[in-house]
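*Asks:* Please find one structure pasted underneath; my questions will follow.
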Amino acid sequence: MDTLLQQLINGLTLGAVYALVALGYTMVYGIIGLINFAHGEVVMIGTMVAFTVIVSLASSGMSPLLILGVGLLVSVVVCMVLGWALERVAYRPLRHAPRLTPLITAIGMSIVLQNVAMIIWGRNYITFPPMINKQIYEIGGASFTNVQVAIVSLAALVMLGLIYLVHRTRIGMAMRATAQNPHVASLMGVDINRVIAMAFIIGSALGAVAGCMVGSYYEIAHYQMGFMLGLKAFTAAVLGGIGNLAGAMAGGLLLGLIEALGAGYIGDLTGDFLGSHYQDIFAFIVLIIVLMFRPSGLFGERTGDRA
Amino acid sequence: MNQVPLLLEAHEVAKHFGGVKALHDVSLTIRRGEIYGLIGPNGAGKTTFFNCLTGLYKNESGHFIFDGVKLEADAPHKAAAVGIARTFQNIRLFGNMTAIENVMVGRHLRTHAGVFGAITRNPTTRAEEAAIARRAEELLHYVGIHERAHDYAKHLSYGDQRRLEIARALATEPKLLALDEPAAGMNGTETEALRVLVEGICRDGVTVLLIEHDVKLVMGLCGRVAVLDYGEKICEDVPVVVQKDPRVIEAYLGGSVA
Amino acid sequence: MNGRIRSSVSVSWQRHWLGLLLLAVVLLAVPFVAALGGQAWVRIANFAILYMFLALGLNIVVGYAGLLDLGYVAFYAVGAYTYALLASPHFGIHLPFWVILPLGAGLACVFGVLLGAPTLKLRGDYLAIVTLGFGEIVRIFMNNLNAPINVTNGAQGITLIDPIRIGDFSFAQTSTFLGVTLSGPQKYYFLLVALALLVIVVNIRLQDSRIGRAWQAIREDEVAAKACGINTRNIKLLAFAMGASFGGIAGGIFSAMQGFVSPESFSLMESITILAMVVLGGMGHIPGVILGAVLLTGLPEALRYGIEPLQRALFGRMIIDPESLRMLVFGLALVLVMRFRPAGLWPSSQRRRELAESAD
């Protein structure tokens, strides 16, 4: 019982992070139908930038919370610029190219970003300085920390903000219209280029927030961390129905829970044949099963198939 | 050989899209060797009927009996296999393949060479390839575009593309050739040439189902005509009778039928 | 394909026989010239050809059938591990290569069908992700199937794999015939060239066949292809399974040639590299794919040997880790080629036209 609760708590934390990253994938895919492979790398850069800011401010005498906040802010800004630049430089010129072309470009950008990060931050794991005094709470035999509480509540807050943005603002309306039908949207006076750029910028900002969360949760970072994280978040987006914002959130949470529970119980389920180091396969197995039986994800897809 | 006189029977075929009834219990029969017209205003459900018949859509209720056998065509390639070939309203050719290659693809169904044959190029495969190419050339001649055989399909003129699509459909050796608005976008001369072609096809033993907007063409060409309106068949008879039917005139707002 | 094209092929044969002769001489000379710089260079040449083989196998899937497979390396791994497990002291089994290579190809094919059958109806991007996921699953299993039963020996991999051996003739040793001394890598070179020629013939012949036309038709317009009576799922599955089999064979050769396999050789990066060879060179165009394979195997090696001296000459010391610079250049090359030559470096004339027209 206590393990179950513990895994649920861990899964919720992980799921919140996946959900934020998945939103970045789903927004871009929903609007231009591109799997932005480099998004995981944007998240990684977010973590790394936050790390650098925090480390360099650590001895400045500022309050730890303020430092954390500055780190988050800088990281968000850097990622927004990065996301914008990615779209502008790499993807926009290829907007009318065959489908495979931008995908290969995305893979190329992902390799470039990874190696730039390696040149800047080195090939070793870097340790995140703990800025918050970690407090451990116990509930029903399971424990959780104030970091986890912060992660889940910040994620919830950011997602609420996004929902507001998409449903209550002009740019949000333009984004929804473009996702429905870019051609008609442009006839109605929507500036498609701006909408697409916004999708990248907002997605990258969410990614940066997620990156800071990952950093402070695991307290380590590595230049290759973006790959697996990105892949899983993409899985989450597909799970929820790609192009669907609420779906990405739900898919992220679900995937986090599945992974945590799977890792916790796989030994029991397989008679200790498979251990918890198989954690990473759950995402893919879930993905394959979902696509086999519900190709448009658990919560459906935006209407209209542009494939 | 004991042939049933009816080639196709549609029994109360129905299809919905969400809450919209695109087809409402449509029944009709097509006789062997005739040219059967299916007309109706825009959105009347003609193409939907076509898509159900050719396995592109799955109808919710009702069924088709084709050549005496109930059609289990849940996939387009199965419909093609039993002998229903079609063209598309908005021409769907393989644009980056040459005209003759397009027709050769149509022979896929009636030929057999697999990977092994392709790699070894054994005598059987070579003979089959030659036969495919020969038949494709014949069909290009038949529809009258043989001099464009080695041009890319997308470079053909509009009328020639329509003809190529027909040649490709004929390559599958259909019993029923279903043409979805073949005269759309054609000028008077082209339409007349098409009429001659379709008549020839029918004379050569292929039954034709024709969806058409060009009422004049349908009336001149078809033995019998059915009219769809809002997914329902409102009339089915010889052209002269259909033309005078008040429901048909009303469906067309009295305008274009006359 | 058709008369016109076939005759143009025979014309080009006559016109280019001199070129072909030259090519044959070059192919014969490569292992001896490369050996002057050390056997390491022969090995690099061997890898270039092995990748060429892999890329042409993947070309059937991506270039012909238009299916985006991001987990191709999984089939390569299946072939490699099949060979490693059945011809090494790990299990004490030492089957001959002519049993294991077909077995590895068959097994890879089975995996291909198992993965492809449920997923090939999906849209292209989804297929990409599913195959990518499958590649990762295979790698994770290889990494961890060392306990409780030691199947793959985990991250350490399997060592002492038997070389390819015909009777007493081993591909791993140096031997002399007719006065010519051939080292192990040089022998593998000729084996690989033979296999590469085989896969080139397969590619060419498939392209001009009933199946090849069906693939192209599906790539052009799947709905129309179905209406022409093509069972698109089966025909796609065929491409997928064939590509997988070639991957399996390449894996077996890799195992035998290296004498060692570990999960590290089968990372996603490997899949991406092979795909990049196909796309950079010119999808579906055999000379383009070959060019892509040679460039992408050669470029990193050239960078490896070029970057270090260059940096020392410029800055007097190493500023940037050469490995990451190498990958950086690779990534940039992908981006730039897609930007300025979206049809690849050497596309077929047809593909070039396609792109020119879809651009407007």
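Even glycines carry a Cβ here, placed using N, Cα and C.
TrEMBL: automatically predicted annotations, no manual curation.
Per TrEMBL, transmembrane segment is recorded for A:12-35, A:42-59, A:65-86, A:98-121, A:147-166, A:195-217, A:223-242, A:249-267, A:273-293.
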*Asks:* Would you kindly list the residues that approach the transmembrane segment (A:98-121) from elsewhere in its chain, counting only those six or more residues past its ends and only Cβ-Cβ distances under 8 Å?
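*Replies:* Residues 33-38, 40-42, 44-45, 48, 51-52, 86, 90-91, 221, 223-224, 226-227.
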*Asks:* I need to check the long-range neighbours of the transmembrane segment (A:195-217): which residues 6 or more away from its ends have a CB within less than 8 Å of a CB in the stretch?
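*Replies:* For the transmembrane segment (A:195-217), the list is 13, 16-17, 20-21, 23-25, 27-28, 30-32, 36, 39, 42-51, 68, 71-72, 75-76, 78-80, 82-84, 86-88, 92, 128, 130-132, 147-148, 150-151, 154-155, 158, 162, 165, 171, 174-175, 178, 185, 225, 229.
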*Asks:* Going through A:12-35, A:223-242, A:249-267, A:273-293 one by one, which has the most CB pairs that fall under 8 Å from the transmembrane segment (A:42-59)?
*Replies:* A:223-242
*Asks:* Take a look at A:12-35, A:223-242, A:249-267 and tell me which one has the most Cβ pairs under 8 Å to the transmembrane segment (A:273-293).
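*Replies:* Ranking A:12-35, A:223-242, A:249-267 by Cβ pairs under 8 Å to the transmembrane segment (A:273-293) puts A:249-267 first.
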